Amino acid sequence: MMTMQWVILIVIALVGAAVQSAETLEMTFRVTQEVNAEGRPIVSINGFLTTYGPEIRVQQGQLLRLTVVNELCSDGGFESDALTQAYCETSLHIHGLVPLENSVDGVPQLTQEPIHRGDSYTYTIRIPDDACGTFWYHSHSSVQYGDGMRGVFIVECPAMDQLISDVVRTIGDGDVQPGRLELGTSRTSEFPVNLSGVQEQVFTLSDYYLDGNLDILKSSVWGPEGGPDPRVEESLINGSAQDNVVFLLEGSSKYLKLRVVNTGMSGTQILHLLGHKIIVIETDGVLIVPFVVETLTLAVGQRYTVVVKLQSDSPVQLINGCGKMMGYVRKTAWLAHRPAIGDPPNQLSAEDISIRKLPGFHTNDLYRDFKPLDAISGTEWVPPDTTVTFEYQYDSGSSVKQKFGTGMYTVNGRVFEEYFADPVPLAGSQIVEIVVNALDHMRHPWHLHGHHFQVVSLGGGGEGPLRDDNPRARARYAQDVAHWQETGETPMTRDSINIAGNSFAVLRIVTDHPGLWALHCHAEWHMMKGLGVVLDEQAATTTTTTTNTITATTTTAKMTTGKGKIVALLVYALVMLLLCTALYHHFEAPTVKHTIHLGARV
């Protein structure tokens, strides 16, 4: 018979094996300066020369240890000026992955010291248990990331696999039309996940400049006559500026699972697949009720996962427009089951394409259409506990130029770095509405660290700021609030949003994640020129239960960071130990004639 000591050892071994089931992922990024095939200076991670580093793919609850070794400026010259010195430092931010500890958010001078030339830093990150979807990593130092300090970060999750399987089952042999795709009885655990015939493809989209970003910063952006926007000269699809690049598909592919990321410095990205519908299932790490569009629009920093049903074995033409000051840089690519021989049928040249005339073209986010998958409908509106308002504009006046040496963006009269020392305090466990008012004419992509937000209201452009003395903007906000009250639905939830010029956005969060969190424009040139603020989110002073929604009972903001799994394992171990004790007494001491109840005294 097995002794009690052996039983305990076996239980300990089983628990240890369970704890190690999600292996720690160890990675090292060596960051160097290189020159690519076109002779352009770039930042390279581990020798990659495409202005992107390696893809990181992790599991929920997994531990990631990522060491960044800064070998920039190894040939000297880094003492020359402040802009170069800042460029020779580095950092790493995982865009959109929440909740993470503030200490690994990767914002130099705010959440960590910059990684100085010749130094290294290890980011130890527990992937949240409920993280799911498509993210990206990038430097938060100077204007590095467009030169190559960036890459795709993917959290694989069973919920997305289930959703894709449900979408495929729902469509069957039929077709889809623009609008919400109701899954009906297909959305049930009775159906096993089946992803046969589904092929995944990642697309990174970016604007591109023929000179290195540091040179552009010095010559065109900084200085007394520098403007906020250098001229976009090219665009990249998966790091390539070539037109008509072919991406090969497997022969059995009937559906595409596309992860699309705008990793650019400035331009809004447009994506269209000729002759095909696009079924959106994820917005910035949030699974949504599938919604069918014809053309996809991405602000800088935004990510989508979409499903596309292939109509035939013929090549599919991908049309991309990268926003610039006047119009778009146009480019095409191909998804094909076999290498092309001659020109594909029905080919459109980039010169013949009008981006604005693409079917379903839009520039504003579909905040009323992209409904979170786990939202609870039909609940009551809850007003915010607190509202904070930020107003931004570009100031090229003499006083600003005298202070900073160049024109700057200001938010409520201050530049981004001034908020580092004096952030905006937010009390804990509060429903907070953040009003962002655009006082200039340009469209700006805004990103919030540390949180997803709900888009309660969004101007279409030209309404002006959301103020009491602006009836047009107030009317739009009131219409949106009425919509949520009447439908009981939850607004689009994400971490990055485009705000139209001379307009506004109203974003809602719950302050349940203490720390110093940046809220900034993700046009890198604009952030360098001051466009951002810092929120000082404080811990709750009392124990309360608050929902991260516009409603009282919609999806809560309760999130875990892997600790929950450890606690569950410890509880499991205790139960198993008690069970083994019971079994031991039952089998090892048969002369004792009584009944043992788990956890009872005997």
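Cβ from N, Cα, C; glycine included.
Curation does not apply to TrEMBL; its annotations are automatic.
If you look up TrEMBL, you'll see 1-24 marked as signal peptide.
Residues or ranges marked as domain 'Plastocyanin-like' in TrEMBL: 40-157 (among others).
DSSP assignment over the domain 'Plastocyanin-like' (200-312) gives 9 helix, 56 strand, 48 coil. Here TrEMBL flags 200-312 (among others) as domain 'Plastocyanin-like'.
Taken from TrEMBL, the feature domain 'Plastocyanin-like' applies to 393-538 (among others).
If you look up TrEMBL, you'll see 566-584 marked as transmembrane segment.
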Number of helical, extended and coil residues in the domain 'Plastocyanin-like' (393-538), per DSSP: 33 helix, 56 strand, 57 coil
- request: Sort the residues of the domain 'Plastocyanin-like' (40-157) into helix, strand and coil with DSSP and give the three counts.
  value: 12 helix, 44 strand, 62 coil
